[in-house]
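Peer 1: Below are the features listed in TrEMBL for this protein:
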DOMAIN    23-117  domain 'Purple acid phosphatase N-terminal'
DOMAIN    126-324  domain 'Calcineurin-like phosphoesterase'
DOMAIN    351-403  domain 'Purple acid phosphatase C-terminal'
SIGNAL    1-18  signal peptide
Amino acid sequence: MGLLTLLFGCLLLSYVTCGGTQPEQVHLSLTGNLNEMFVTWVTLSPVPATPFVKYGSSQYTLDRTVIGVASHFSDGGDQKIVRYVYRAKMRNLQPETEYFYKVGSTLGYSQIFSFKTFPSSNAPVRVCIFGDMGFEGGQFDDLINGVNKYYDMVIHIGDIAYDLDGKNGNTGDDFMRKIEPVASKIPYMVIPGNHEKWNNYNHYKHRFTMPDNGTPRKEGFFYSFDVGFVHFVGITNEFYAQKWTDYAQEQFHWLEQDLKKTQKPWIISLQHRPMYCSNDRGNNDCENEDNKAIRNGASGLPGLETPLSKNGVDLSFFGHMHSYERMWPVFRDKVYRDNQSIDSQHNVMTPIHIVSGSGGTTHSPHTHQDDREDYSAIRSEAFGFTIVHVENATTLHMRQFATELRKDVDTLTLTKGPGYRPGKNLPY
């Protein structure tokens, strides 16, 4: 009788808390099809009921239901905590439309959230990009305040929560709860960094749902998606530090084919470990064996700099260093400035590399060496986010907002002629 009373009470509430069956850590992600949206959530106890997402064009009319897919994973820490993960794909969404949704089951469901879909064709897009944001030290208030005001999507380029598996996974739970006001409203896209690799990327693979157009393993290691005028491609260069040659080769061949197929006027690549930087922890951090292998290749590990340049990537974003640095156009250590100004560049010859690892963490910032590298244009050690606004097929604006300083520490306008691709005239 007590259980029936509890269940009946749960059903009467719009936002229920019935032990560990309550949905939490709700977050959205793109599927690769703008008429769809993934939603992922977690419970801390098994749910003996069918998971679902209910959604519609009004918070009072959630008249569409999609059954979710349930899975679970063990943390791998000494407490072996099991978490229960649910994924559902909202389909047949109309462009530029606000949708309302809730997730859960008859044993507990979330509050009602909302999101707005992107336009279906080429249109301006605003995205917030950063890496290396921890539960402690993360710049959450500014991230939350910028949603739909300054950007419509977040891309977190590795080193998430510090760490997702920390304290038997409780740090990951705390982080995912903290970003819910952002990630339940706009897509929160991720790629893994070195802090995700523990226990075979266990938390990364289970907590997030990325497009599955990359590896057939569907682990979210590499993938691509289009929004507005931009083709985004996310790749995992941590394979190079781990010497995972099979994964690196599979990713390399997929990357070449993916970049050749895109018709979008702008291409932005997303990785974790940078190819170029002027950070200093006793030496240039980007001149170690792993970073050189990412750039140039090593035994069984195909280099990534050439395919990114040859196939017309405009901007390459990286994290790993807890700072911000924008490079001049550079390829194989040669700078291609061609009379470009510091804040306005046109028809650049090769991708512009940006290190944006300043999302905020209690790990100390990685300071820059005293002597600036020739390829280094702008650098800052203040925590903050990179905001990219792709205005149209020929104009892109980028700025680095330093949350600690309350100001932009870098701005760049990048323009190109119709149909122009960087990398066509480089010595390969």
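Using N, Cα and C of the backbone, Cβ positions are placed for all residues, glycine too.
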Peer 1: Mean pLDDT, the domain 'Calcineurin-like phosphoesterase' (126-324)?
Peer 2: 95
Peer 1: Determine how many residues of the domain 'Purple acid phosphatase C-terminal' (351-403) DSSP places in helix, in strand and in coil.
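Peer 2: Secondary-structure breakdown of the domain 'Purple acid phosphatase C-terminal' (351-403): 0 helix, 27 strand, 26 coil.
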Peer 1: Could you tell me how many residues in the domain 'Purple acid phosphatase N-terminal' (23-117) are helical, how many are strand and how many are coil under DSSP?
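Peer 2: So the counts come to 0 helix, 53 strand, 42 coil.
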